[in-house]
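Residues annotated as ATP binding site in TrEMBL: THR13, THR14, SER15, THR266, GLY309, GLN313, GLY410. Annotated ADP binding site per TrEMBL: THR13, ARG17, THR266, GLY309, GLY410, ASN414, in sequence order. Marked as sn-glycerol 3-phosphate binding site by TrEMBL: THR13, ARG83, GLU84, TYR135, ASP244. Sequence annotations record features per position, and here TrEMBL assigns glycerol binding site to ARG83, GLU84, TYR135, ASP244, GLN245. The annotation domain 'Carbohydrate kinase FGGY N-terminal' is assigned in TrEMBL to 5-251. Annotation comment: TrEMBL describes 261-450 as domain 'Carbohydrate kinase FGGY C-terminal'.
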Amino acid sequence: MKKKYIMSLDQGTTSARCVLYDREGNQVSMAQKEFRQIYPKAGWVEHDPMEIWSTQIGVAQEAMLKINATCENIEAIGITNQRETTVVWDRETGEPVYNAIVWQCRRTAKLCDELKKKGLEAKFREKTGLLIDPYFSATKLKWILENAEGAAEKSREGRLLFGTVETWLIWKLTGGRVHVTDYSNASRTMMFNIKTLTWDEEILRELDIPACMLPEPVPSSMIYGESDPRILGGPVKIGGAAGDQQAALFGQACFSFGEAKNTYGTGGFMLVNTGKEPVFSGNGLITTIGWGIGDEVSYALEGSVFISGAAIQWLRDEVKILDNAALSEKMARAVEDTAGVYFIPAFTGLGAPYWDPYARGAIMGLTRGANRNHITRAALEAMAYQTMDLMTAMSEDIGRTIKAFKVDGGASVNDFLLEFQADIMDMPVYRPECIETTSLGAAYLAGLAAGYWKDTEDIASNWRLEKTFMPSMEKERREELLKGWHEAVRRTLGWANI
Ligand code: ADP
């Protein structure tokens, strides 16, 4: 009998990856390729949708070739993707009418201000769970319709299709036969009603977006169709899709209410599973769909930190006080504490729970004895403080303490960071063996639909703990440090506006 794997396509912001997983959740093959970032103007970010497709399919073929796998070795394909990024293409020719507008792109800031001025914020929030912000897809789509040549007319004639990146990949993989979006991705568009699981007609009318161009919203784990046989040498089932952060929550097996994960990457993303009902935040968090399986939807609260591991990158590349990111741990341990130094990495303002675009970065509390070890340690501690702030907001919103806190992402290899995280939150921090939970989560969603894994219990038994970090800090010390952090944050707020 042929050995079977699940193929996970991980379409990120800077690179496309493909990982083949076995039943135990081990990576048996991996290939990765970066693609072009296009910056037409300050604050604008685009990708070429055709390049997204070609790099993604290139790494899929490469990952198979590395272990001499054929399509018969692939049980199903799962997809995870950069969220919110918007693609519009011609349904007949398959040609995009404009580049993909990337989630980071701020070109629709004015349009969002206008929507806010009209007093639509509360309504949008109640329906979509989101704040009105250029980050989400809706205003990007409107921009393309208004600015790509002939797009508005063609869209009214039903000749154009819209999709987030998983929609685009599924459409291409199936040779243009399947036009769907999974609930988790749909919930990032600012057009999707997260309670009724349908496109919101009132929002579509407000933004003048024709419903006929929107994909059909479907669960995150289900057989959407089969790949065109020419792509992988034969047809393969496409069994699931989810946005990257939701896929990571699934990959961390956070299946029940109150289970949370935090990803320490360039930025930081914390999500907590809030079960079968959406929870609306009083603390600046976003309400989103985690995933849909069968008739059931799991909701999540999400908080994002703009600069997390990127602060270490900044110390390395700009300030040049460390040679590589891994060295930050040794440097932090070389001193007993930060000597009163706080590092607030508000380089691009502050995200949840502060939401202040005018805050700016600061290193505070410097004295004559402060050295680069103290500053580096303060940068790592800031990653933990910011996560702590999200944790406090989430606990308040869900009305109880978080049940389990799991971590992943590139910077989660740093033991000092996780020890300090456990101390400052006064709760255990769990690091799994696999910290690449995004692609794993997509594989699980697809494997579940294909019967490769039986149920979520079967998947949860694959989650293997690598290390637990237990808190050991005295209460007084913790409170003193947190007080200093909050005071330091307060002094950075509004800085760019004075
Ligand atoms: P992303 O997927 O967001 O691009 P990764 O998950 O690969 O990022 O994580 C990379 C980030 O983690 C970088 O910002 C880097 O500075 C940081 N990082 C990597 N290793 C360490 C480490 N040992 N300690 C602290 N930060 C680290």
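Placement of Cβ uses the backbone N, Cα and C atoms for every residue, glycine included.
Just so you know, TrEMBL annotations never went through curation; they're auto-generated.
Everything TrEMBL records as a feature, shown here on the structure.
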{"residue": "THR13", "record": "ATP binding site", "DSSP (3 states)": "coil"}
{"residue": "GLU84", "record": "sn-glycerol 3-phosphate binding site", "DSSP (3 states)": "coil"}
{"residue": "TYR135", "record": "sn-glycerol 3-phosphate binding site", "DSSP (3 states)": "coil"}
{"residue": "ASP244", "record": "sn-glycerol 3-phosphate binding site", "DSSP (3 states)": "helix"}
{"residue": "THR266", "record": "ATP binding site", "DSSP (3 states)": "coil"}
{"residue": "GLY309", "record": "ATP binding site", "DSSP (3 states)": "coil"}
{"residue": "GLY410", "record": "ATP binding site", "DSSP (3 states)": "helix"}
With the Cβ under 6 Å from ligand 1 as the test, give me the qualifying entries from the binding-site residues SER15, GLU84, THR266, GLY410.
THR266, GLY410
Considering only the binding-site residues TYR135, ASP244, GLN245, ASN414, which residue has the minimal Cα-Cα separation from THR14 (ATP binding site)?
ASP244
THR13 (ATP binding site) versus ASN414 (ADP binding site) - Cα distance in angstrom:
23
Counting other CB atoms within 10 A of each CB, which of the binding-site residues THR14, THR266, GLN313, ASN414 comes out lowest?
THR14
Please list, in sequence order, every residue of the chain apart from ARG83, GLU84, TYR135, ASP244, GLN245 whose Cβ lies within 8 Å of the Cβ centroid of the glycerol site.
GLN82, TRP103, ARG188, GLY243
Write out the long-range same-chain contacts of ARG17 (ADP binding site), meaning residues 6 or more apart in sequence whose Cβ is under 8 Å from its Cβ.
LEU9, ASP10, MET30, ALA31, GLN32, VAL59, SER439
Taking each of the binding-site residues GLY309, GLY410 in turn and counting other Cβ atoms within 10 Å of its Cβ, which one has the fewest?
GLY410
Rounded to a whole number, how many Å is the Cα of ARG83 (sn-glycerol 3-phosphate binding site) away from the Cα of THR266 (ATP binding site)?
15
Quick check on the binding-site residues THR13, SER15, GLN245: which one has the highest count of other Cβ atoms within 10 Å of its Cβ?
GLN245
Summarise the model confidence on the domain 'Carbohydrate kinase FGGY N-terminal' (5-251) as a single mean pLDDT, whole number.
95
Looking only at Cβ atoms, how many others are within 10 Å of the one on GLU84 (sn-glycerol 3-phosphate binding site)?
25
Which whole-number value in Å describes the distance between the Cα atoms of TYR135 (sn-glycerol 3-phosphate binding site) and GLN245 (glycerol binding site)?
15
For SER15 (ATP binding site) and GLN245 (glycerol binding site), determine the Cα separation and express it in whole Å.
16
Around ASP244 (sn-glycerol 3-phosphate binding site), how many other C-beta atoms are within 10 angstroms of its C-beta?
26
Would you mind reading off the Cα separation of THR13 (ATP binding site) from GLN245 (glycerol binding site), to the nearest angstrom?
13
Going by C-alpha positions, which of the binding-site residues (GLN245, THR266, GLY309, GLN313, GLY410) is nearest GLU84 (sn-glycerol 3-phosphate binding site)?
GLN245
